[in-house]
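Chemist: Pasting the relevant annotations from TrEMBL:
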DOMAIN    42-484  domain 'Major facilitator superfamily (MFS) profile'
TRANSMEM  80-99  transmembrane segment
TRANSMEM  111-129  transmembrane segment
TRANSMEM  135-157  transmembrane segment
TRANSMEM  169-190  transmembrane segment
TRANSMEM  291-312  transmembrane segment
TRANSMEM  332-349  transmembrane segment
TRANSMEM  356-374  transmembrane segment
TRANSMEM  394-419  transmembrane segment
TRANSMEM  431-449  transmembrane segment
TRANSMEM  461-480  transmembrane segment
């Protein structure tokens, strides 16, 4: 019999019965053929989605260094440069209201497929662009397609992964962003010396490659068991979990408990959910989830990262580095270093608690930005006086390279891990769409205003980020709950009444202790009265 130990924390977190069962399984995933195959297929079908975002941010960053791109589009500066970079985020904002509809109707795989088609169209138009307006429209289309893929892909990884590996898998999702950055930086460095338009058209066309990969592999994956259960396809869901989480063993106690937990949680959620955007603010628990999600979206883009991601060349100018080849080399080096930081950070999620990592991330970023602000002030003061401060210039580059080691621990490694854990299944698509909306809106704003701020108030622009980082630290400390060490269903009612969490625990106990998977599934969960508490 599995013992139940009461844990302190959020009031509605269910007892971790399945989590303990999962931890008792000492066989590693790579020794399980079916699970190993699933994880291998997840990489090209889902993990590669953020390749497109990483490729895009680095492409615009690198192309601003390419002489032929600047000549072709008339050396864009100020607001025009800002709108070229920010168009990708603007397109993403426009698509967000449609994401839950597409996810609910066509499932996680269908949503990834549809979004990938849209991005391929955008990449083709981008490569064919004959003027700056066409180029901006192409980037709008690319941005329109990416959120659907991100929401569906991050959800599918979390919903297919075994509870033991799920935190690392969802953390690795964002790591592919840096693969995209490295690819774009390397390709653009290689085409930099081509003395015609192909120096920027080739990288623009190649942005479609991750989407082609997703189209080729996404239907080799099974559909999300939770989506199948929500659409009354219980036998298919059980077959998926049996194959991948129990290596085909139909008598697996763990899978029986997992199925019952998913069924119980989704049925309880259906009782309360009206499948409306208003569900996100209807109850105190949902309002807290929404507030955390909105702030997390802002934090991931208002922490100073877009300044480095999109205007790396301008920052090197201010550090005294003018040569385009040297800039491209440092650009590639920064992309590779960012990948290393993100990859290492993705494996920390099982070693440290979520709040600990978020607090390290925000505090270290504040320290880094404060030091960077001082060094930039010293460098620009010397330049204004007609001299040059080499030490301050070197310090500027050092702190630019230090920043990924701070940022990636929280806002790269943990973002989708945390969102998948905080949001219950019925509202997960809407919840992550809310994150995407505020993240993209923040990215659009900062990407647009960064060149304006740098041009007008120079080093003082960094103080704005320092102030906001202080706010981030306070918010994380007071509002972010701890979610580590639980399955998704054990976290379903994290902010709700304990009685609701106990329903899912009861379902698991019936399956685990009595090995009776049929009795509970056939009965009405009797959750109407409890569900009313959510309303």
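Cβ atoms here come from the backbone N, Cα and C positions, even for glycine.
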Chemist: Quick one: do the transmembrane segment (80-99) and the transmembrane segment (135-157) have at least 3 Cβ pairs under 8 Å, skipping pairs fewer than 6 apart in sequence?
Modeler: yes
Chemist: When only pairs 6 or more apart in sequence are counted, do the transmembrane segment (291-312) and the transmembrane segment (135-157) reach 3 or more Cβ pairs under 8 Å?
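Modeler: By the criterion, they do not touch.
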Chemist: Suppose you look only at the domain 'Major facilitator superfamily (MFS) profile' (42-484); what would the mean pLDDT be?
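Modeler: That stretch averages a pLDDT of 87.
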Chemist: Taking residues 6+ outside the transmembrane segment (135-157), which of them lie with a CB under 8 Å of any CB in it?
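Modeler: For the transmembrane segment (135-157), the nonlocal Cβ contacts are 42, 45-47, 49-50, 52-53, 56, 73, 83-84, 87-96, 98-99, 102-103, 108-109, 111-112, 114-119, 121-123, 125-126, 129, 166, 169-170, 173, 204, 207, 211, 214, 221, 224, 416, 419-420, 428-429, 432-433, 436, 440.
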Chemist: Restricting to CB pairs under 8 Å, which listed stretch, 332-349, 394-419, 461-480, is in contact most with the transmembrane segment (431-449)?
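Modeler: Selected stretch: 394-419, with the most Cβ pairs under 8 Å.
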Chemist: Cβ under 8 Å to the transmembrane segment (332-349), counting only same-chain residues 6 or more beyond its ends: which ones?
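Modeler: Long-range Cβ neighbours of the transmembrane segment (332-349): 58, 167-168, 171-172, 174-175, 177-179, 181-182, 184-186, 189, 308, 312, 357, 400-401, 404-405, 408-409, 412-414, 417, 484.
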